[in-house]
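Comments concern the structure below.
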Amino acid sequence: MRLLVFLILLIFVNFSFANVRPNGRRFSESQYRTAFTEWTLKFNRQYSSSEFSNRYSIFKSNMDYVDNWNSKGDSQTVLGLNNFADITNEEYRKTYLGTRVNAHSYNGYDGREVLNVEDLQTNPKSIDWRTKNAVTPIKDQGQCGSCWSFSTTGSTEGAHALKTKKLVSLSEQNLVDCSGPEENFGCDGGLMNNAFDYIIKNKGIDTESSYPYTAETGSTCLFNKSDIGATIKGYVNITAGSEISLENGAQHGPVSVAIDASHNSFQLYTSGIYYEPKCSPTELDHGVLVVGYGVQGKDDEGPVLNRKQTIVIHKNEDNKVESSDDSSDSVRPKANNYWIVKNSWGTSWGIKGYILMSKDRKNNCGIASVSSYPLA
């Protein structure tokens, strides 16, 4: 370890970095050096001599961005030098964001049945499916744009667990390799509803242990029906753009959602309730999993009574769904409300792999624009 520290510092000397703060920089060169050295040790980064200078320069820019964001003190979102601190935002978007959908033109309701229900529904102030044995541990998609597959397995794992009382980790690789006919593209992106269609047509999805993840699009589908870990009979599309609808949907289990995760603030998120004013509610590029919601601090409104509920379900063998989803607006305090969101970037990102995303703040980052959950 001491030798590695010495070699890293020696590289800095060889690059002849001056200990002077250039215009536009927020730290001295020695502060950048110390931070980068500690960061490379923490995340076990090793670079070639030709790559070192570029990664160090990117790290400094990200370090400036983090400090500028956090120093404003007007946000509940806390950024940090996480495992993505040595890549540009362009690299990050190209490598890790694999859901491509425009909520304005999305036709996910085509061929689905719409049920309008006039009813009342009282939801609890918070729910967390992790405490009900319906959420598997954090996974890591690696350098593959397969986020959509992790969102799909996550909601399917939850639905299966709540029905059978058995939590089984399901195979993302099965979806990556085999759901091309449903218009998914492996590591180059896909959609959760397309993956649900595959599971329905395929009459199941394999377990993760039988079909392990490789972070590559396989040339051959290796699905084996003897290794099926779960089946679904349909899925519910939640009313687009309504966070109350999403809250109602979350009463049934984890929900697959698409979000705008393109910003530096999401890339470098560390803790707090995430809110990004620049987020788009329609240009969505990342598939994640809502596993619950809650409120930080005092909630003086209590449970919300919802009306004008609408369900959109997948037509499949005369499926009937008794639950309903609302399209009205929330009346709870907004700034401290959050969604509990499971990501697929390992435990080094965010809050041990999770992010708390703003809830009831005009559908920030499009979290309620395209959302659905499977029926086990």
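Backbone N, Cα and C define each Cβ position, glycine as well.
Listed in Swiss-Prot:
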type: SIGNAL; residues: 1-18; note: signal peptide
type: DISULFID; residues: Cys144-Cys187; note: disulfide bond
type: ACT_SITE; residues: Cys147; note: active site
type: DISULFID; residues: Cys178-Cys221; note: disulfide bond
type: DISULFID; residues: Cys279-Cys365; note: disulfide bond
type: ACT_SITE; residues: His286; note: active site
type: ACT_SITE; residues: Asn343; note: active site
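Just so you know, the Cβ of Cys365 (disulfide bond) picks up 29 other Cβ atoms within 10 Å once every protein chain is counted. Looking only at other Cβ atoms within 10 Å, the busiest spot among the disulfide-bonded residues Cys178, Cys187, Cys221 turns out to be Cys178. The Cα atom of Cys144 (disulfide bond) lies nearest to that of His286, taking the recorded positions Cys221, Cys279, His286, Cys365 as the candidates. Closest to Asn343 (active site) by Cα-Cα distance, out of the recorded positions Cys147, Cys178, Cys365, is Cys147.
According to DSSP, Cys365 (disulfide bond) is assigned to a helical segment. If you compare Cα positions, His286 (active site) sits closest to Cys365 out of the disulfide-bonded residues Cys178, Cys187, Cys221, Cys279, Cys365.
Using Cα positions, the member of the recorded positions Cys147, Cys178, Cys221, Cys279, Cys365 nearest to Cys187 (disulfide bond) is identified as Cys147. Cβ-based neighbour count (10 Å, all protein chains) for Cys144 (disulfide bond) stands at 22. When the Cα atoms are compared, Cys279 (disulfide bond) and Cys221 (disulfide bond) turn out to be 36 Å apart. Secondary structure at His286 (active site), as computed by DSSP, is strand. Within the same chain, the residues at least 6 positions away from Cys147 (active site) whose Cβ sits under 8 Å from its Cβ are Tyr96, Leu97, Gly98, Thr99, Gln141, His286, Gly287, Val288, Ser344, listed in sequence order.
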